[in-house]
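In Swiss-Prot this protein carries:
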BINDING   29, 33, 36  [4Fe-4S] cluster binding site
BINDING   35, 36, 37, 71, 126, 127, 128  S-adenosyl-L-methionine binding site
DOMAIN    14-232  domain 'Radical SAM core'
């Protein structure tokens, strides 16, 4: 079988915490986040590749982990499972980035011991989902799916991170507090700095980038509910 691939990064030091990773970006997404920095690139780049071709395309001189990202990689269930299996056979830890809408794919990865790290993008407060990311499911349905993934990970010793890109004038402190309360059982919660220049939506390019001290204050709010909280900025990752 062939996976639809948008791009491959041979070496990243930010996508898998504390590891140097190769990142495989799978084509396709079921959301349209206005701040997304991958969407335009993904829509313009697509090629069919076998798993062997994908791994032959990666220079493993420095990478010691594999990240499967997107788009939304779980839309290509068979490809995700085959890539993860191939990576594990080669001895690599595997991380997947997901919006949480397909817990059944994560469940199969966990059941077959093909995944070590799950990072879930929590886009906004769940009651704002339909409006904010233009998805089919309502926020309550997505919330339940995300909570199912967190529960699966916790029961099977798979590290689970939740993360939110904080967009000023669209989100506020109450949003972060509501999200943190909801995903309080995750192993790590990351608040990420919005970068307007990379936004897919032209209107979002006009919004300000949140200041680091603002993110730190938001991190303190999240810390009331979650032990491990970090902020991710253009200057690096910082524990709260």
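Each residue, glycine too, has its Cβ placed from N, Cα and C.
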| query | Closest of the binding-site residues to residue 71 (S-adenosyl-L-methionine binding site), Cα to Cα, picking from 29, 33, 36? | reply | 29
| message | Quick check: in three-state DSSP terms, what is residue 71 (S-adenosyl-L-methionine binding site)? | response | coil
| note | In whole Å, the longest Cα-Cα distance within the recorded S-adenosyl-L-methionine binders 35, 36, 37, 71, 126, 127, 128 is 23
| Taking the Cα atoms as reference points, how far is residue 36 ([4Fe-4S] cluster binding site) from residue 126 (S-adenosyl-L-methionine binding site) in Å? | 18
| note | Across the binding-site residues (35, 126), the Cβ with the fewest other Cβ atoms inside 10 Å is that of 126
| request: Can you check how the pLDDT averages out over the domain 'Radical SAM core' (14-232)? | output: 92
